[in-house]
Amino acid sequence: MKTTLVSTPLAQLETELLAVFATDTAPAADMANGTQASPQVQLLTRDAALDAAVKTILASGDFKAEANETLLIHAPQGMAARRLLLVGAGKQARFTVHALRKAAGSAVRAARAKNIREATLAIPQSQGLDVTATARALGHGAAVADFDPDFYRSDRKDKSLQSLTLALPEATDANAAEAGLREGIALGESQNLTRTLVNEPGNRLTPTLLGEQAKKMCAEQGLRCQVYSSEKLHELKMGSFWSVTQGSDEPPALIVMEYTPEGAAEGPVLGLVGKGITFDSGGLSLKPADSMEKMKYDMAGAAAMIGAMRAIALLKPRIKVISVICSAENMPSGKAQKPGDVQISMIGKSIEVLNTDAEGRLVLADGLAYAKQLGATHLIDAATLTGAVMVALGGVNAGVFCNDEEAWQHFEAALGQSGEKFWRLPLDEEYREMLRSPIADIKNVGGRYGGASTAAMFLKEFVGDTPWVHLDIAGTAWMDEAKPWMSSGPSGIAMPSIVEWVRSFAR
């Protein structure tokens, strides 16, 4: 996608589509009295020609500026643009940069639906946001919207946006806007890389091929990358990781990516660890057939780390980052591990495997330990780990666990930047009692209840005192229904927040 900044007056701006954002300034509904004020639409761009072009439409009440609402006007009077798109950003009182990001995505999705390949977004004036944050939100939202998962349709039509222009208001700092746009595009395209990887079926993205994708990205972005297989797992005594892969004919991949900027010799080293199960049948604890095809998404945590490392390479925070991905297939066979087996992890802790479908924690246990061995002083992992987090939080919030308040404060700050929805869940010591094994140091499942917390508590055993954040994205990594600003399918969840977590340490 080609990106451009212009300061041409809107009336003179020649473009296939000009998108202008608006909010509703009417007070919120009074629930006690059952009253609802009529919408009062306010354009976020002040321009006399624009006001004249939309006066009749706004007076009609056909456009209410509801969040992500769009209304297309052909040949707007008095303007050079071929089409004018009004895009709602919701209530003015609740307007945020994240509402603007989604509105930008809604504008691009509306353009794609009409096979429009070139669009201009008018940067809102003021709204309490600096121009860098505004341009970044527009770029990020536009890039994420410019994606569809129908890669393998023989009749697939390329609807991707070829050109995106931001129209600057008068007296706008063009350099600041350009920096924001560049950041937003970097984040959005990296999130789309994550989504592309998650979308790949298991026969087209084995652990070996995932390693090749990581190496390709790292070569393009100037990152170090090493991909190891079975021999390295045995050398490192990663018995927990190996136990998952032994049932498959596909070899595992231990992927290590490194970002080392100049001037980062001292200070924290951040470790990003991803679960990369490219297909999860459940192993001998076989999953039900219903929806098993979605288990190609069980490497969404690994994909988030690959996307995050790309964005980190582009945004260049001054802090060292190491990423470890543990990738395998979890398959049943005569070689597969059996319920009741005892495995020895990299740190020597013995694990009684009661359920082979609780495999994500087995690969992450060794991945977290290895990231520490490589020098990570702070850890974050992402995994489609438990169905329990889906029961607890549905598809709205992802789960987050943390063993350190300072690391948590960094992640809270990251969420303020990314706008993603995570909900902190408990790590009380009582959950550890549910993992006691009569024959080993720990068992890999804790019973029917509290499954997201017992899974997190299992992982906590392998991080020790290292500050650590655990993201359980099982309920949010895949969307069955499209949003106005984003297609259905892989969401790319966690990647933006991981990047912002890293950047929070560098500020």
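Cβ atoms here come from the backbone N, Cα and C positions, even for glycine.
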Of Asp280, Asp290, Asp428, residue recorded by Swiss-Prot at the Mn(2+) 1 site of Asp357, Glu359: Asp280
Mn(2+) 2 site partner of Lys275, Asp280, Glu359 (as recorded in Swiss-Prot), chosen from Asp298, Asp341, Asp366: Asp298
Closest of Lys287, Asp357, Arg361 to Lys275 (Mn(2+) 2 binding site), Cα positions, recorded positions only: Arg361
Extra residues within 8 Å (Cβ to Cβ centroid of Asp280, Asp357, Glu359), Mn(2+) 1: Val244, Ile277, Ser281, Gly282, Gly283, Ser285, Lys287, Asp298, Asn330, Thr356, Ala358, Gly360
CB contacts for Lys275 (Mn(2+) 2 binding site) [other CB atoms within 10 A, all chains]: 30
Among Lys287, Arg361, which are active-site residues, the residue with the most C-beta atoms within 10 angstroms of its C-beta: Arg361
Sequence-distant neighbours of Asp357 (Mn(2+) 1 binding site) in its chain (C-beta under 8 A, six or more apart): Asp280, Gly282, Gly283, Ser285, Leu286, Lys287, Asn330
Surrounding CB atoms that lie within 10 Å of the CB of Asp280 (Mn(2+) 2 binding site), all protein chains: 25
Asp298 (Mn(2+) 2 binding site) and Arg361 (active site), Cα-Cα, nearest whole angstrom: 12
